[in-house]
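Chemist: Structure in structure tokens, see below.
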Amino acid sequence: MSGGSSCSQTPSRAIPTTRRVVLADGVQLPPGDYSTTPGGTLFSTTPGGTRIIYDRKFLMECRNSPVTKTPPRDLPTIPGVTSPTGDEPPTEARQNHLRSSPEDKPAGGEESQFEMDI
């Protein structure tokens with residue numbers, strides 16, 4: 001049962017930096033610049049600590065990809081969001097619905113909360 005295991009660990013190394021940006025004390029970065037570099041590279045960290053780096057050139061190439069120009073296959077139809085707003089009911093019909101909604105009625109003490117047949 002006792003067998004020799006040949007498990008070896010690789011020493012961890014830091015990600016090499018190619019460019020350092022020195023900021024003076026008191027210099028505030030705008031919120032949009034927190035995860036970017038002066039060269040346009042975007043970087044992020046997952047909750048597990050994995051570092052993700054997106055090169056600007058790669059992102060610009062993805063923008064022109066045919067995949068970005070087609071919607072997902074099983075996308076639901078939501079008027080005004082995933083389909084043009086031409087499917088909406090006329091404005092007059094929507095206003096009539098809003099006028100007759102029970103929420104707009106004034107709450108009086110003599111009206112019961114609901115009706116019940118006994």
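Glycine is treated like the rest: Cβ placed from N, Cα and C.
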Chemist: Do you know which of 19-23, 114-118 Swiss-Prot annotates as motif 'TOS motif'?
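Modeler: In Swiss-Prot, the motif 'TOS motif' feature sits at 114-118.
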Chemist: Measuring CA to CA, name the entry from the recorded positions T50, K57, S65, T70, S83 that ends up nearest T41 (phosphothreonine).
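Modeler: So, of the listed recorded positions, the one sitting closest to T41 (phosphothreonine) is K57.
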Chemist: Counting other CB atoms within 10 A of each CB, which of the modified residues T41, S65, S83 comes out lowest?
Modeler: S65
